[in-house]
Amino acid sequence: MRFSSNVKPYVLLLIVGIFLLLGYVYFSFFSERLNRDILIDEDQKRTNLSQLVFKSRVRNLVSPEKLLYKQPSVLVGRTDVVSVTPWLAPIVWEGTYDPVLIDNIYKPMKLTIATTVFAVGKYVRFLQDFLETAEKHFMVGFNVHYYVFTDRPDDVPSVNLTQGRHLSVIQVPVSNRWQEISARRMEIIQTTIERQIRREADYIFCLDVDSKFHARWGSESLGRLVAVIHPGYYEQTRDHFPYERRPASTAYIPMDEGDYYYGGAMFGGFVEDVYTLTKVCRKRFEEDAGNSIEAAWQEESHLNRYLLYNKPSKVLSPEYLWQDFKAQTKEVKVIRFSGVIKNYAEVRPNV
C-alpha cells in the first residue's frame, strides 16, 4: 500500500493504530475459540487428576557433607562380571556400590517402599518366614508398607514390625488353578495401585511369598524400573531362554531377540512405572485369553516381553533372586533373596 506525500503524519499513526486494534481483536477471538474447542472430557480429566497422580518423583542424589567413604576408582573393581547393560543401566552385584554412601543419599529422602506379596491358598504358610526375614534384611531404615493379598486373611501370621513399617491384608478370591493366580497378579497390583498405593508410596517391589531374605537388600536396588536376572538362565544365551515363542501370543519374542531372562518373582521401581507395566501386561493377558492362549510362563512371559522393549533403568543380579536348590556359584558372592524348596504338587491346587 502506498500513501500520498500529502497525508499528514498523525493520519498515518491513526491508520496504524486501527490495524493494530483489529489484529488484537482478531487474535483474541480466535485464541479463545481455539482454547474453547480443545476440551478434555470429564473422564479424562478425572483420570489425569485422580487415577494418575503418583507420589513418586525424581530427586537429586545429594550426599551429606563430610561423609567419609572409600574413594571410588575407575580402574579397580569387579572384573568377573558385567556391571552395566548395553543401554547403560547398572547391574547390581556385591562390590559394585558403596552401601554407606548410597544409604546416606537415599535415607534422608524419607521414602516409603510398597511391597506386594501374594499368599493365596497353601502359599500362606510361607508368609511368616518372608515377613520375619524381610524385617531383618529388606530396606532396613526405610518406611515399608507390606500389601498381603490372600484368600485366607485369618491365617496371616502376626509379625513384629519395626517403627515405620506397616502391613495391610487385602482379600482376594479363591482360585482352583495356580495359573489363574499368576495371571491375575498384574490386574490386582494395577487396581491396588490405582486405589491406594499411588498415594502412599514412592517405590514398589512386587515379590514372591515363597522366598526368604538372607542378607542386605537396600537402597542400591532403587530405580525407575527395576528387574532381576533369573538365576537359572544368566549363564545361557538367548536361544535357550524360555520366552513365549508362539507368534499368536502377545508375549511373543522372536528367537533372535532378547537381552536377559528376567525372573517374575521380582519387579519394581517408581509406583508410576510399575503401574504402567502391570496395566500393559494385564491388557495383553486379556487379549491372549480372548484368543484362548496362555503364555508359556504366564506373567513372567509377559514381563519379559514388556522389559525387552521398555528397558529397565536398573537390573539386579541373581544375588537378588537365587534358588535354594541351586548351588551358589563363584560370581554370586552374596545370596540376598531366594526361593525356598517346596513340593509343588502339595502346595499348588492343580498340580
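Cβ coordinates are placed from backbone N, Cα and C, and glycine is handled just like the others.
Per TrEMBL, the features are:
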type: BINDING; residues: Phe118, Ala119, Val120, Tyr123, Asp208, Val209, Asp210; note: UDP-N-acetyl-alpha-D-galactosamine binding site
type: BINDING; residues: Asp208, Asp210; note: Mn(2+) binding site
type: ACT_SITE; residues: Glu300; note: active site, nucleophile
| query | Which residues, in sequence order, are found in the same chain with Cβ within 8 Å of the centroid defined by the Cβ atoms of Phe118, Ala119, Val120, Tyr123, Asp208, Val209, Asp210 at the UDP-N-acetyl-alpha-D-galactosamine site, excluding those residues themselves? | reply | Val117, Val124, Phe126, Leu127
| remark: Whole-Å Cα distance, the residue listed as 'active site, nucleophile' to Asp208 (UDP-N-acetyl-alpha-D-galactosamine binding site), is 12
| field | Most distant Cα pair in Å, residues Phe118, Ala119, Val120, Tyr123, Asp208, Val209, Asp210 binding UDP-N-acetyl-alpha-D-galactosamine | value | 11
| Site with most surrounding Cβ atoms, counting all protein chains shown within 10 Å, from the binding-site residues Ala119, Val120, Val209 | Ala119
| query | Looking at the recorded positions Asp208, Asp210, Glu300, which one has the fewest other Cβ atoms within 10 Å of its own Cβ? | reply | Asp208
| query | Just how many other Cβ atoms lie inside 10 Å of the Cβ on Phe118 (UDP-N-acetyl-alpha-D-galactosamine binding site)? | reply | 26
